[in-house]
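One structure is given below, encoded as structure tokens.
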């Protein structure tokens, strides 16, 4: 059965309704039920999506677990009557034999094609048998069943009197049980995460760049974090935002939605400021100064949470004090919201607090301070106003709304709000939403002295690079297409040459189609999403506070001597008789030198214009202010200055290290508990090692398959690693053919902590060779009599490898089956295609890169490389020139905020292999003669992706590969001019795994795909001549190493000191 009702919850809530009804005369919350004979709750057709949930639908969902449109429920004290269709009756019949406290009668309506039944008349008879019926009289309903009911009721001779029971229904829904509170907390975490990690940082970016964007467009940008589009163009939730939230790893995104379109208001809002959740984000452009109001409400599994904040640019002292009053008022109200308090007492307490602190603001204070929230966004029965006499109980959830309206500053009206979702408890309310609340987080200070003179510089125009033709003198593409896969061919006939030219033409045509599709998709995608998603989006004015006041200063400050306060991360410096604290983040470094009898200590501060490198664009609160660059002290006590210099330097290092660790661990998730297999033993793979390696002695352990994940158990059970199936992105099986190891490799969606380091990849492997014995020793030799050529040994080795491959492959398939059964998403083990492999340098060493069905991988040794092909936007082939032995490949991801991946030093003999593979997996590619500096390029694209695609998109790269051959005159640059970059190995520290091991140069691998053809040739072409030269160079290098000469100096002429055509400034010279 598709829909499974929760019978125990239904029975518990039915008993709650019946008990409240029976004791209604003694409880004020349920007094409206005291004199009714029955409770009638009808439901018509579903509400339109843009309308709020009605109380009747909310009660039905709370009571049954699902919404059942066109279903009537009639409660008696000894039974329940339900009128519904046949399909709904089949679902509701689960409740009949579930041990309900009263009998359940289901009246089944006939289907449209079947003859009518007497279900409606029998239900009507049960209804009119009562004298007084309680119902929700103010709710309007519509639908076919409602029309039939109205017609039948009008024809009845007798009608019962109706009583309004909305207060009692609200009481049922108001107090949440533990399961409901858990869902509300998730909704609150979703709301807080969206506010903190996207909405506020986006607002800071808009203010910082003075971006022109309307309130409505900004609200739509926030909405798209839950995904947008339909069908093939659909985009899911923004994991960059949601992964930063707490407890959001297993969110059911299909059950997540906005309660209302986010509300953004500024001083340019034409309708003025409005604190109501019914307000709209206007189409006016957002202001860049003044007061900003932001409200977000999210619904998760039908339960709502809401948050609202105020932000002020260049606030006045009065505005700061009013916002500080809101903060203190909220803290006061949290103490007042507790079990047993009356609603109007809460409001009166808030009003009295404002009257005592700032009496002039009393007339501006809101008419209520919030309302009940749950399945209904706004429950008017629990409005916290001056007229509400209802009591609050522990377990209730309220939207606490504090605000002032019709305030005035510089002749302009404004409002301030502070809104949070809170839970009532026995002692003090718990604030469920959080983030961006303090004054330092909500007040922005801009330098406006030269506002009229300074104009924002226009974005640099994107110049199109001259179209570069394809490499006309690279190796002939010795490839063919067979069965849809690119395979190498080692024949060299004239007929094959013609087939190669045909394949090149097909690639060129296919690439033109891919580039056109890429351009169209880019325009469509970013025209809907609007502006850019720059990587510096989250940057803002970072404030540091050492002490809250003079009273917090340490006692050592009284001596007016330099003091390092490690607890507060502050350096206290005596300046003109005052102890002045400086946070360690304001200090760049310290220097100490001695001159004569005195020692000088110089403290250098962080100031605009001095920083270099990646921190160059770090914003300052007021970069045009006057800054102190350094302070120097002189003392005859050199030993004390030595100590101070060391303390300050150590503290700076410690803080930097802590910030770096925090940044590195930002994307690490905390997995849920592994559900172990019960009733039978789990499937195991014994005698395997794990990478990253665990602490302690290197010993093999075993991998177990459990209900929702894997567990690696080290020997003696001392350590274990759990991997949940829900966090597995890719599963790979790499056989030990041509390899030393047989591998099962798991690439994770989000990194986990193993030991003390984070890991994106977890690998289980076993050595394929039997290396436990000395193969040359006498112990083995005496058993090999008659097998001096070791033929039998080789056969045993082959059998052993086949057995290990079979064992690991079978286990990987069992992992895939278990993961598919657990998550519902299909997972299959991916096997690398060694015949499609090529060599390159993705990190620091030359390795073999192998395509799989979905990825490009290197799994043999760390650091591992796993690139999902679906995430690649375009591949740029660089340094493709005649005479160069190697070229580079840059993979640009669809997520433009990710750093492009550089794979350097791919042999030119494999250029055609790489191009055919990229084309076969529908990845657009381009070719160019030089390296591009991708940092500034991606920064420009991120600033406005839509503008980038409007100006031609990726056409500046020169278009697709596989075009006509170029003239040699156009490629006249010699290899020596690029020699500085020829062996270049670029790798960002963030991409390299922390547990990387030393790897040897893989360019001597005999299995390399760079050896095409045979030595027999009627006439050597360029490629054969280059190979012979390479073999001669290698032979000479080997001779030099044998002779003890380790200088490895090439006898050919040196490269020029400054390559003329170098475009990427990060190249490093290496010995050749």
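Every residue, even glycine, has its Cβ placed from backbone N, Cα and C.
In TrEMBL, the feature coiled coil is placed on 641-672, out of the ranges 545-576, 577-608, 609-640, 641-672.
Matching 517-541, 692-716, 717-741, 742-766 against TrEMBL, the residues noted as region 'Disordered' span 517-541. For the ranges 452-484, 782-814, 815-847, the feature annotated in TrEMBL as region 'Disordered' maps to 452-484. For the domain 'Histone chaperone RTT106/FACT complex subunit SPT16-like middle' (838-928), the DSSP-based tally of helix, strand and coil residues reads 16 helix, 42 strand, 33 coil.
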